[in-house]
Amino acid sequence: MRYQLLESDVSFEVTEKILEDLKENIIGKKVKRSDDLERIVKDSLKKSITEIITKNNAINVLEEIKKSPKPYIIIFFGINGVGKTTTIAKFAYMLKKNGLSCIISASDTFRAAAQEQLEVHSRNLEIPLIKGRYGGDPASVAFDAIRAAKSRGIDVVLIDTAGRMHTDTDLVNELKRVVNIAKPNLKILVLDSLGGNDALEQAKYFENNVGFDLVILTKVDADVKGGVILSLAYELNKPVGYLGIGQAYDDLIPFNAEWFIQRLFS
Ligand SMILES: Nc1nc2c(ncn2[C@@H]2O[C@H](COP(=O)(O)OP(=O)(O)OP(=O)(O)O)[C@@H](O)[C@H]2O)c(=O)[nH]1
Ligand SMILES: [Mg+2]
């Protein structure tokens, strides 16, 4: 059992906690048949996992947006290639489907192709985009997007940012600056589920340096169990709000604890 949990990228601490719960639940229980034992074990696992995940329920972003003053500002960040830009396009699509207007701030002025990548999405989705100059100031792009949203009465501003590793002190400081200027209502950390427990390390790093409210876990369509979701909840008190399950615009789904438990033990 321990091995199965660790194999699913559940961190050591969380695995220990789940097994402790299990021990407590089994001791003193009369087991008549082996069926009973299996059921007790399954129930105990489900209970402790559900407890961990639902301890910090993700906020309902759509509801939050609807009841907040316009524009509601969301910034997306994370390390290189995790799927930030793609996730923003999916997020914009979801907003549109829910009757909310948005504008995208292409604040990744660091990677040459980032602006063009968003331009394609913006055209496909018919969503306005504020572009930046290559090498330009990402905070000023965000500032322009927010100003445009205010003057056009747009509901939501989605800010894309350049991927950064913790070794990029300059880029991390730059991210802090964008956050200070844009004053986002919501800070979303994008994590790649293929990164396994490294994703937890990234989360700790971003939490200590910038802070974040919600995780979007991408590439869950790959054959991963996503045990990092448990670690995020248990060790950082951070909820996963959405999962990326493919490359199409509608491949973003709200996180669901039951779905997760089924997957973990399938
Ligand atoms: N299968 C799958 N692929 C995804 C998912 N999300 C993103 N991708 C792919 O991951 C690759 C990187 O996505 P981007 O959105 O460019 O990632 P990024 O974080 O913006 O990258 P940088 O801006 O370079 O840091 C692309 O090929 C995406 O299509 C997902 O949920 N599932
Ligand atoms: Mg990008």
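Cβ from N, Cα, C; glycine included.
Taken from TrEMBL, the feature GTP binding site applies to 78-85, 160-164, 218-221. Here TrEMBL flags 239-252 as domain 'SRP54-type proteins GTP-binding'.
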DSSP helix/strand/coil residue counts for the domain 'SRP54-type proteins GTP-binding' (239-252): 0 helix, 6 strand, 8 coil
Neighbour tally for G78 (GTP binding site), based on other Cβ positions within 10 Å of its Cβ: 26
Same chain, 6+ residues apart, C-beta under 8 Å of the C-beta of R164 (GTP binding site), given in sequence order: F77, I79, N80, L171, V172, L175
Where the C-beta lies under 6 angstroms from ligand 2, the matching binding-site residues among G78, G81, K84: K84
Fewest Cβ neighbours within 10 Å, where candidates are the binding-site residues G81, K84, T161, V220: G81
Candidates near ligand 1 among the binding-site residues G81, K84, T161, R164, judged by a Cβ under 6 angstroms: G81, K84
DSSP-derived class (H/G/I helix, E/B strand, else coil) of K84 (GTP binding site): helix
Reduced DSSP assignment, T161 (GTP binding site): strand
